[in-house]
Structures are given as C-alpha cells and as structure tokens.
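What TrEMBL says about this protein:
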- 193-216: transmembrane segment (TRANSMEM)
- 283-301: transmembrane segment (TRANSMEM)
- 387-406: transmembrane segment (TRANSMEM)
- 412-434: transmembrane segment (TRANSMEM)
- 469-488: transmembrane segment (TRANSMEM)
- 494-515: transmembrane segment (TRANSMEM)
- 527-547: transmembrane segment (TRANSMEM)
- 578-597: transmembrane segment (TRANSMEM)
C-alpha cells in the first residue's frame, strides 16, 4: 500500500538449516536498521517453546504484523495425510496461514508469504489438508502472518489522517494489531473413508432403481388383473373439452427427444486424502442428479415402448382415451437433470461468482421445461415448438450471463431487464388467456383499444375465462413485484434472482393445475398422491440444509470460511452435500408427479377431458 508502519517491537523466528543438527552450536548475525534519526533498542534472544506441533493437540499463541510465528510438524509413520486447522475468536486483524517445506529462508512476511507453498487468508477459521508425499522430509512449517491491512479479508482500508506538521513519509501507527490464534494438526480421512463414502452414495441412488423395478412389477400385475374399457369416442364441440382439438392425438413438435436416448450456488470443506480436489465431497454428492436423471429417462423409455405397442395393436385406451402421450419433453427434463449434476460438480471444483452460472443454467432449463410440460398436457395443439421454446431458454441464459457480468450495481441494466420482464409477462399472459388466438402485429394497439371500449366502457362484462384470469392476475402481481424488487434492491446474486422468478412461476402454475384438476371433478391416484406428499416433505428438508450457508462467494474467501462447519455424515459429507442428495431426490419425485399426475384420465374419453 506504499505505506510505512511504526512498530515498537519486532521479532522473527530463526530458520534452522537442514545441514545443522539441533545439538550443534550455531552462530548468527542480527542487523538492525531504522527510519528514525536516533533510537535505542534492546535485543533479546529466547528459545521457542513448543516449536514442534503434536498430533491432535491444540496450541495457542499470539502474532502481530511485526511478529510472525511459524511451527514445525513431523508426520508420524502411520499417517499419510493431515488437516491443519487454525482458529481465532477475533475476525480482525486479517491473517494468512501458509504451509511451507522445511527450507530457509522461511517466507513469513506479509509481502512474501504467498510466494511458496499453500496459503489461506483467515479471519476466524482456516483449514488446509497436507499430504506426506508432497514433502520429501515428511515435515513442514505452519506459518502464521498477520497482515498490515484487512482489505484482503473483506475489511475496510482505513484512512490514516496526517497532522499538518508531519512529513508525508511519517510511519503509520496502527497501535496494537495483535491476534490470538489456536492451531491443531489432526489426521485427515483415510482412503477407506473415501471408498465407504462413494459406496454409500452409490447405494442410496441405486436403491431407487430397485424400488422403481418393484413398483413397476406391482403395477404390471395390478393392471393385468383389472380389465377396463373405454366407450367409443364421440367428438363433441365443447370449447372447454378435448373436443376443441382438431385431430386425435395431434402431432406435436415436442415429439422428438431433445437429448434423450431415443436415437431419432472458498470451498465447502477441505477433504483431499488420495483425491486431487479439495472439495471432492461436494463433487461426489452431485452423482444423484446423474443417476436419478438416467433412471427417469429409462422410465420414460419404458412408458413410450408400452404406449407404442398399444397403438400397434389398436388398443382403445391408447387410441381414444386419456391425454395423448408425448414423451419428448420428458426426455429433455431427464437429460437436464443429468446435466445439472454435471455442471454443479464443475462449479464445486472452484465455487465463485463467475462460474455460478454453470450451477444455475440447467435449473432455468428444468423450470422452463416443467412449465411447458404442464401446459402441453391440456394444450398439445397450441404448445410452443421446440425451436421457439429453446430459443426462449437460450435468451434466459443469455440474460443470466449478462447479469452476472454487468448487472452488479448497474442501474441501466436493471431498468432494461425489468422492462423486458414486465413486457414478457404481459405477452405471455395474453398468449395463455386467448390460448394462442391472437397475433402480434401493427394492429395490436387498435385491437386492444377496441376490447377495452367494448368490454369496459360500452358495457361492463366479466372475463370469459374466470379461472384463467385469476391465475394470470396472480402471476402478474408476483412478476411485477419481483421486477420492482430487482429494480429497487438490485441484488448482487443475479443468477439466484433469475432462478427465483422461474421457480415462483412454476409453483404458481402447478398449484393452479392441481386446483383446476380437482375442480373439474378429476381425482389424483395413489401413486401421484404419494409422490406429491413425499416430494413436498423431501423439498422441505432439502431447503433446510440449503439455507445453512456453509460458504458464500459473495464475500472474500476468508469471510466465507467463517461459515464452514465440520462434516456431519460419515465424517465426509457436509450440509451442502445433504442438500445435493435431497434436492436430486426431490427433483426426481417432482418429475414423477408430472409423469403420473393425469393417469386417472387413461380411461376417460378425450372429448370429456377439461381444458384449463
């Protein structure tokens, strides 16, 4: 900072050369220099007690910016990896913890501590995993340096006023920048713990494959024992029924698989052991998204095979009853769930503000695809094409990237985004209310004025589709409120803000769908009902662990480490890993709800099924 600092006491620990034995007499010189004109000083040489740290023993000490401390640790014969934990009751002054090889000189000053070895900035907590194989002497130094300023740890860079008569080069007196710390070195987890944790992770999600197989066998036996039939279809003309469809089982642009198998949000923990990543647990716990996404694809594939076989044998159920089956969106949802796990793992290799969009991109995709699937169930003839839908999703991801790069505190960006958000909400509301029977062209303003005059001025008439209007009014209130919140508050985490918009709209539409389904006299069968209840419970527990906040990239690494806690499952998985486990299960359950929600209509004539 191009500043000079005044210290009343300075001390350094002497480095012991490797060529010298501890019992051998050594001679050394001490040079003292000062910026003062005339200063007297005292020189005192003392033996450093407890210089060698012992395994699983805590040691407390003090350090200042002018009095760095370092200690030696020697690996026991039966230990291959240790974790060095340093704690302090006080957040400031900011300090640096460094692990260095046994070499001279030791880099124990603020301006050189980061030159070699591994280091972490620290407020209250720091932890570094060290492996024996990385140090030829099977020993290392733990170096603790108190920084001259707190800016690296998120603290303010203070302004030091200078008196009128003082020289610009006069040293700054920082008074007592002393910090009390405690260090402990303990063995890290073993390779057996890694194997046990990997097997545990695999076992949890492979059990879903077994459970799915058992349910499929039970469903098959129950279906074969029950014989039902549909009466011949009579195509009606009721505007609120399936009779408004133009053809039976209309072809849909979503019939092709988006990416399916048809053929045509510092680190959370410091585990390292025999693994190359410091947060391997946060990477491994994403396996659930991949395995459960693959399982969902297999379930969809089996359903499609059964449906195609029913069509080939001219089965009445498949031809004339129930909601026509379109599987393309389901394939896209399963693939998106797998990609969410992959990109979340990539994000957790090095979590930061820039690559957080990796973790959220497919969350946007999943929210959008689920809303499209809900709409497609009752409106397959006017659902968006794959090209327009993916273009909109690509636009959302584009805004996410722009928001991450330029949105932080940028008023102009938030104004533009809020306007686009509100306009898009109005256009989508019009599309949903009129079910596609409108056109955006040069005459749109004239038609709007005509509708307002005829329905509001000449005669006051209520909306033609009351239920739909209620949904759209609530949706507009929520989206306008979110737009106003973004414009006023301008949150730093734009990716999460954009995700919140998608989730709120999805939950609103899903609630509307359930309410309208029940109001139409339809029922929810046992399997989807169990899925809804169990998925809601799992989502509740998942969100509890999500909001534990073990780290944050919105602060400095040192401040983020203040939120770190010990692992709670198998001494390997932390709270955020539990969130990964539970949220992957909850997403899989949510997909099953969408898949089975309308199974009660499989024996209902299509002209008797309500559209809402």
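Just so you know, glycine gets a Cβ as well, placed from its N, Cα and C.
Against the transmembrane segment (469-488), stretch 412-434 has more CB pairs under 8 A than any other of 412-434, 494-515, 527-547. Between the transmembrane segment (387-406) and the transmembrane segment (412-434), three or more CB pairs separated by 6 or more residues in sequence fall under 8 Å, so the two stretches touch. The list of residues near the transmembrane segment (527-547) in space but at least 6 beyond its ends in sequence, with Cβ under 8 angstroms from a Cβ of it, reads 215, 219, 265, 575-576, 578-579, 582-583, 585-586, 589-590, 592-593, 596-597, 599.
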